[in-house]
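Here the structure is laid out as structure tokens; the discussion comes afterwards.
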Amino acid sequence: MAVEMFYDDDADLSIIQGRKVAVIGYGSQGHAHSLSLRDSGVDVRIGLKEGSKSREKAQEQGLTVGTPAEVSEWADVIMVLAPDTAQASIFTNDIEPNLKDGDALFFGHGLNIHFDLIKAPEFVTVGMVAPKGPGHLVRRQFVDGKGVPALIAIDQDPKGEGQALALSYAKGIGGTRAGVIKTTFKEETETDLFGEQAVLCGGTEELVKTGFEVMVEAGYAPEMAYFEVLHELKLIVDLMYEGGIARMNYSVSDTAEFGGYLSGPRVIDADTKERMKAILADIQSGEFTRRLVANVENGNTELEGLRKANAEHPIEVTGKKLRDLMSWVDRPITETA
């Protein structure tokens, strides 16, 4: 089924220019939304808790900052861009008591709405505007007169104005310059979680670590294994990002292409596909979200344990040593401090 696409001519910027927008959070997406909306002539304020390290940064960039409760009371459009696991408590404590008839509650990701962790009053418009790129790219493209494709969705529309408002907001951050796709909270949430877990984060990470283990256990130097299964991954992903799988196969050697065709299906086979379906089923049923919430309620103990085990994998030790040789690689603070 073809998706609905919208561009600049389909969106009326004056709609969002006539509203007061509170952006909750000032991370990657929060700063991009706020600055771009401001530059589009929108009245914007940032909601950050007292003591947040981001307060000074936002103020230095000329933005008005208040607590989430203060800016929610002032605004009639509230964009929630805080971390998923913090959104429900922020909504309950700071946003919900200040909601008024005619307000709109927007999100950059649908998890909390789709899985009923947040239930907005019936008189509030509930929507989503989600650029398909990191905040620094959203902001850079906007400044350059371009845009990053975005998704919009409407979950609750008491006044029948939700889509026009979402498109106007998307135009304010440059999304309609590239193209905006209409979706649903269900589709965005479930596809996003599946991509992260089965392919982008979980699947890729385990593939890399297992490949490293196989090579080291076979007697190859850890440094050689690291280069072959992790370091060179960026070269392949960049080619796929720029032109798809066909571009990647065109660009690599015939030896690599032929070997990939033969061996790829031996690694990712029908059994793997069935396990991926099971992951999707856990997402669709809400099982993953229940476990995510339980982890937060238990003080992040499960997540911290998984992080610790991951950090102790031999590939991390080898990688840090090799990255010391790479002057062109931007080093994370944890490795340079």
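Please read every residue number as a count from 1 along the shown chain.
For all residues, glycine too, the Cβ spot is worked out from N, Cα and C.
Taken from Swiss-Prot as is:
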type	residues	note
ACT_SITE	His109	active site
BINDING	Tyr26, Gly27, Ser28, Gln29, Lys49, Ser52, Ser54, Asp84, Thr85, Ala86, Gln87, Gly135	NADP(+) binding site
BINDING	Asp192, Glu196	Mg(2+) 1 binding site
BINDING	Asp192, Glu228, Glu232	Mg(2+) 2 binding site
BINDING	Ser253	substrate binding site
DOMAIN	3-183	domain 'KARI N-terminal Rossmann'
DOMAIN	184-329	domain 'KARI C-terminal knotted'
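A map of Swiss-Prot features onto the structure.
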residue	record	Cβ within 10 Å
Tyr26	NADP(+) binding site	26
Ser28	NADP(+) binding site	17
Ser54	NADP(+) binding site	16
Thr85	NADP(+) binding site	17
His109	active site	21
Asp192	Mg(2+) 1 binding site	18
Glu196	Mg(2+) 1 binding site	13
Glu228	Mg(2+) 2 binding site	14
Glu232	Mg(2+) 2 binding site	11
Ser253	substrate binding site	8
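The average pLDDT computed for the domain 'KARI N-terminal Rossmann' (3-183) is 98. Mapped onto DSSP helix, strand and coil, the domain 'KARI C-terminal knotted' (184-329) counts 123 helix, 0 strand, 23 coil. A separation of roughly 13 Å, to the nearest angstrom, links the Cα atoms of His109 (active site) and Ser28 (NADP(+) binding site). Rounded to a whole number, the C-alpha distance linking Tyr26 (NADP(+) binding site) with Glu232 (Mg(2+) 2 binding site) is 33 angstrom. Fewest other C-beta atoms within 10 angstroms, among the binding-site residues Lys49, Gln87, are seen around Lys49. According to DSSP, Ser54 (NADP(+) binding site) sits within a helical segment.
With respect to their backbone Cα atoms, Lys49 (NADP(+) binding site) and Glu228 (Mg(2+) 2 binding site) stand 45 Å from each other.
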